[in-house]
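S.K.: Encoded as structure tokens, here's the structure I'll be asking about.
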Amino acid sequence: MKWLLLLGLVALSECIIYKVPLVRKKSLRRNLSEHGLLKDFLKKHNLNPASKYFPQAEAPTLIDEQPLENYLDVEYFGTIGIGTPAQDFTVIFDTGSSNLWVPSVYCSSLACTNHNLFNPQDSSTYQSTSGTLSITYGTGSMTGILGYDTVQVGGISDTNQIFGLSETEPGSFLYYAPFDGILGLAYPSISSSGATPVFDNIWDQGLVSQDLFSVYLSADDQSGSVVIFGGIDSSYYTGSLNWVPVSVEGYWQISVDSITMNGEAIACAEGCQAIVDTGTSLLTGPTSPIANIQSDIGASENSDGEMVVSCSAISSLPDIVFTINGIQYPVPPSAYILQSQGSCTSGFQGMDVPTESGELWILGDVFIRQYFTVFDRANNQVGLAPVA
């Protein structure tokens, strides 16, 4: 059987690729809403997506300013194993951050009681360190320690991987989070405490034959989505991949030519920057143009603070077109209007960027569901093609 599998892999390609299935679940927002907690949560937390990318305050070297509320709408999750024998965790594969962290048995917070906890004493390969980790959000921080262990990711045994073990997770809202931790896939330059990101460690050990990974997010309610390490599977897209240079090697940041609706520029008229982020669900941009888009599509705020649209209007709404490196990438209303349990909400979100970097957009899952995306570290570029 093993020989048959090996022959099949060789016949398929000279490159062996590893696929991590992603499962689509209810987002933290939906869980809070169903428990009657969303309105109170939104009232207490002034959500600003920009804080994930541009912390407002400088922090010590060991502090990772990564607000956890930014994962409020994420719906795609995968399973990894840490330790020997492996202890399983549900994580967000996040191209908008670079650290790996999971809850640990040292955590006494309410949020940890509803999640899988890593126990170093149950792993024969765990190595402790004196390093610490603190991820800030809202009114508190997730604090923890750093350690090394073997991480199992889609059939890859990533040995000697540094990761964070949470000790406190303030904020009872995390109790309802459908994920245990975060696996960051951005560049090492934004990694907290100089920790080597998972994909960098995998590549450095020669565990994949190509220095890239790719993502397919299915619109299906549950299955089909995947992260592919070390290769590209053309069955997930149509046509050819179009390549876009990374403009800043930190996040997966690219240049956008324009953003139009009905042939008219609605934002980014003179070009702008965008971050391709699997850890953000929505299409996020500056407050002013987003407010105009919300008005144009007839979105209004409901009692929970969500921007809702009449479901019957979807068929009459226009595409939003992102022109990137000379190629047009339309996002249809069926993609940017999110339908759930008979209600329709806008897939756009405003943010205030406290930097001098100009107009910045976040191309989250609303965009990635439309376009198979390759994150090419070898050539510092992003590949995009319409999903099959």
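Just so you know, glycine gets a Cβ as well, placed from its N, Cα and C.
Keep in mind that what you see is a predicted model, and the values were worked out from it rather than measured.
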S.K.: CYS107 pairs with which of CYS15, CYS112 in a disulfide, per Swiss-Prot?
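M.R.: Swiss-Prot annotates a disulfide bond between CYS107 and CYS112.
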S.K.: Between CYS272, CYS311, work out which one Swiss-Prot annotates as bonded to CYS344 by a disulfide.
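M.R.: Here Swiss-Prot pairs CYS344 with CYS311 via a disulfide bond.
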S.K.: Annotation phosphoserine per Swiss-Prot: which of the candidates SER98, SER130, SER191, SER234 has it?
M.R.: SER130
S.K.: Mind checking which of CYS15, CYS272 has the disulfide with CYS268 in Swiss-Prot?
M.R.: CYS272
S.K.: Whose Cβ, among the active-site residues ASP94, ASP277, has more other Cβ atoms within 10 Å than any of the rest?
M.R.: ASP277
S.K.: Taking DSSP three-state, what's CYS112 (disulfide bond) in: helix, strand or coil?
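M.R.: Helix, per DSSP.
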S.K.: I'd like to confirm something. Which of the recorded positions, ASP94, CYS268, ASP277, has a Cα closest to the Cα of SER130 (phosphoserine)?
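M.R.: So, spelling it out, the nearest of the recorded positions is ASP94.
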S.K.: Rank aside, I only need the closest one: which of the recorded positions CYS107, CYS268, CYS272, ASP277, CYS311 has its C-alpha nearest to that of ASP94 (active site)?
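M.R.: Among CYS107, CYS268, CYS272, ASP277, CYS311, ASP277.
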S.K.: Counting only other Cβ atoms and using a 10 Å cut-off, which of the disulfide-bonded residues CYS112, CYS311, CYS344 scores lowest?
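M.R.: Candidates: the disulfide-bonded residues CYS112, CYS311, CYS344. Fewest Cβ atoms within 10 Å: CYS311.
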S.K.: Tell me, by DSSP, whether CYS311 (disulfide bond) is helix, strand or coil?
M.R.: helix
